[in-house]
Structure formats: structure tokens, C-alpha cells
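So that you can see what the record holds, here are the features copied from TrEMBL:
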- 135-157: transmembrane segment (TRANSMEM)
- 169-191: transmembrane segment (TRANSMEM)
- 203-225: transmembrane segment (TRANSMEM)
- 276-296: transmembrane segment (TRANSMEM)
- 308-328: transmembrane segment (TRANSMEM)
- 340-360: transmembrane segment (TRANSMEM)
- 366-386: transmembrane segment (TRANSMEM)
- 398-418: transmembrane segment (TRANSMEM)
- 430-448: transmembrane segment (TRANSMEM)
Amino acid sequence: MPSHDGYSPLGMRRHERTSLLRYDSDLEALLAHPEDRKELERRLLRKLDTRMSILVLIYVLNYIDRQNIAVARLQGFEKDLRLEGSQYASCLGIVYVGYLFMQIPSIYGQAIHIPINLHDSVGLYVHVDRFHDVLFARLVLGCLEAPFFSGALLLIARWYRRDEIGQRTAWLACGLLIANATGSLIASGILKVLESVPGISAWRGLFISEGALTVSVALCAMYILPDFPKTSSSWLSPLEQALAVQRIREDTASNDSLDIQRPIHGLWLAVSDWKVWWLTAILAVYAFASSFHFYFPTLVQTIGYGPVTTLLLSVPPWLTAIVVVILVSRHSDHRSERFFHISLSILVGVVGYVVAISTMNPLVRYVSFFAMTQIHAAYTCFMAWASCSVSEPANKRTTALAIINTGGIAANILVSFAWPSNWGPDYTKSFGICVFAALLTVVMSWTFRRYLERLNERETEYQYQL
């Protein structure tokens, strides 16, 4: 078998590239020697993980752009724009209307969409001076960023085996937690600088600065992210590329996940599968269960500190959640189990909600925030579960993930109104909604698990009869 050690991931010249078919015999020999395959697979995953890691950074910035309005609220955003009643909640939720309309149509374009046109909405923030201006700017932001997460999940599903998806999805979903942690730190630093800059509101400069950073990273990502296995020859050796294709073929027992098929076919398969709609409903209910994170800086402020201190105190709960999410998802992958990992994470969050309901003691309430943030470990396990439960063919999975994600987005529009300021500072009713939704999520997940168990039992009986 010719050595594959001499191939550089980025250094192959065009005339040196070889068709995958030429390497079929080498690949067959490699598959017959587990140790050689294991070593090559390790190198392949190392290269792939390195390139895919930029997805996490994009998601961090993506989420910061959506949620920096919560930080702006601490810096006079409502006062400057003369917002009243539920207008702030409308500004928060309108971004998800853009997500709702653009989520499914966007998946039938490129393999993954990067929000490089974010500069359009960034520019709009320079001129906003009333409620309707903010609504329009936030709507544009939602439309531009909508395709990213579903496209990222699709890209992960096209490169990784089912027993690898959970961990990679967890790293991607950690972007949300990292954004909640670092977003507060970044915002506090930017606001500190902008306080001494005349002629521009601190919150307005915050929107512009963070939006410009997202655009810069997205432009770089265009040259870093891989395409699909069959078309990624520029950074893999031919043998590595052949192995990448073979891995997914083995995992799905089908070529469907490697080929692009008719979009309408995938759409029909997805919408006619009740599992897709049940998973969509679960994620929508979960969105209410975890809705506290939209108002997290406001909740932390209830323990009695100023804006900058509040932002700094918002960091530790999310840093703890990042560690827990990674550990839970890794254990979930290792045990090939999702339901109990989802349920335990949710129940820890419920404990945090109950504690927050029962007291306004600053120290105890702050400790409850650490428990609340653990609920996000359930999300990473859930998305891996959804991806594996609707795995074939590839065009069905693509559409299914978009539909499921759209369910969560639709719920987020309503979630924005579950935390009105007149329910504060204790927000007992809001936390009560979270508790009910969390327990309902567990029940719905258990129902889905029982259904999958019955399917497996029928399949086992059928195989036994054969």
C-alpha cells in the first residue's frame, strides 16, 4: 500500500490530485488493517475539527449580535428610544420573525450560509432613533443570520458519524454559552471605552462594534470551512478524502448522505414524518423552559449591582455551564444515550428556577443562576438526538433539522413576552412558566423515547423472523 504520509492537506497542486476511484484499492487495503485506518482517521478528524472550529466562533458572534440588546437595555436603550410597555419585548422577538421566514428556504442554496451581509443591519443601527427603526433593523438581522445554524448542523452531519455528532454539536451549541459569558465581558469593555466617546450613545457603538467583528470573521470563514466530503480535495489527501466518504457510507449504510438530491423530495419526506413535528414541538416547549437567558443580565441586576458589575457577575454561571455541557455531551456520546442526559440537565435547571422563586436573598438567588444555566446541556443532547433520529436520506435530514430549528425560533417570538418588567424584580410568574415548560419537555421526550424503543423492538422481531 502506498504511503499516505507524504500528502499535505493544503499543499497538493491541482495536477497532482487524483480521482477517488484510483484510491479504491488503497482504501480497501487500509480497511483491512484497523491500526492503519485508525491512525489515518485520527489525522482526518484532527484536520476536520480544526477547520470546523470556526463555526463555534461564528455562532458566538451570531448570538452576541442577537442578544446585545439585553446589554443595551442596561445602558439607556429604552430611554433613548422612548420605548414603552411591551415595545422592548417586540424588539427582542422580531429578530426571530426573520429567522422564521428564512430558515427553511435558505437550506436549498449553498452548503452553509455565513452572515457576511450583516453589515447591512449594522449600518441600520447608526440611524435608529425610534421604535419602528429598531424593529426593521432587528428584522433584517434575523433574515441575514437565519440560515447559519441549520447549515452548520448539516455540515456536521455530512462529515461525522452518528457517535461523533453529539460532541461536535455540543461544541457548536457551546457557542451560545460562550456568547453569554464572553458577550458580557466584551460588552463591558466596549461600553467602558465608549463612555468617553462624544457624539454616539454607548449602546449604539456597541451594536456597530460587535457587528463589524462578526462580518470580519465571516469573511475569513469563507476560505476555511470545508465543503462536503466528495468535493473537498483541496485540503485532504486523496486517501483521506476517500476515507471521509467511506466513513459516512458505513455509518448510514447508504449513499444518500453523500449526494445532493431533489429538494422537493426531501421536503415531502420531512413534512410527512410525524417524528419531525414531534421533535419540533419538543424544541418549541424547551424554548420556553430555557427562556431566562434572554433576560439574564436583567435577572442578575435584581441582586442589586450596577451595570458593569452586573455584566461581570453574569460570566461565572455561563462558564460553569460550558464545562457541564461538554462533559454531559461527551458522556452521552460514549453511552449512546440521549433521554436521561436531557432529563437530568432539565431537572437541574428546574431546581434553579424553584430556588429563584422562593427567595430574593442575593447570594442564594445568584447560586440559583448556576443551576439554571445547566439546562442548556439538554439542548446539545437533543439536537444530536434529532439529527440521528431523522438521519436518512440526507435531503430529508437537512429539511427536518431546519423545520425543528424553526419550531424553536417560532417559540422564541412568544418567549420574549414571558418576562414583562412589571413581573419583576422577582419574576415569579416567568420562572413558573419555565418550570412547567421544563417538565413538559421531559414528558414529551420520554414519549418519543418509548416510541423509538418500540420501533427497535419491531425491527429486532422482524430480523429474527428472517
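Along the chain as shown, the residues are counted starting at 1.
The backbone N, Cα and C atoms fix where each Cβ goes, and this holds for glycine too.
Automatic, uncurated: that is what TrEMBL annotation is.
The recorded stretches the transmembrane segment (430-448) and the transmembrane segment (308-328) do not share 3+ CB pairs below 8 A when only pairs 6 or more apart in sequence are counted, and are therefore not in contact. In this chain, the transmembrane segment (308-328) lies in contact with the transmembrane segment (366-386); the count of Cβ pairs under 8 Å, excluding pairs fewer than 6 apart in sequence, is at least 3.
Of the two recorded stretches, the transmembrane segment (169-191) lies close to the transmembrane segment (308-328), with three or more CB pairs under 8 Å once pairs fewer than 6 apart in sequence are set aside. Long-range contacts of the transmembrane segment (340-360) within the same chain: residues 289-290, 292, 299, 302, 324, 328-329, 331-332, 367-378, 381-382, 385, 425-428, 431-432, 434-435, 438-439, 441-442, 445-446, each at least 6 residues beyond the stretch ends and with a Cβ under 8 Å from a Cβ of the stretch.
Cβ atoms under 8 Å from those of the transmembrane segment (276-296) belong to residues 67, 70, 92, 176, 180, 270, 314, 346, 349, 353, 369, 372-373, 375-376, 378-379, 382, 386, 389-390, 400, 403-408, 410-412, 414-416, 418-419, 427, 430-431, 433-434, 437-438, 440-441, 444-445, 447-448 of the same chain, restricted to positions at least 6 beyond its ends. For the transmembrane segment (135-157), the neighbouring stretch richest in Cβ pairs under 8 Å, chosen from 203-225, 308-328, 398-418, is 398-418.
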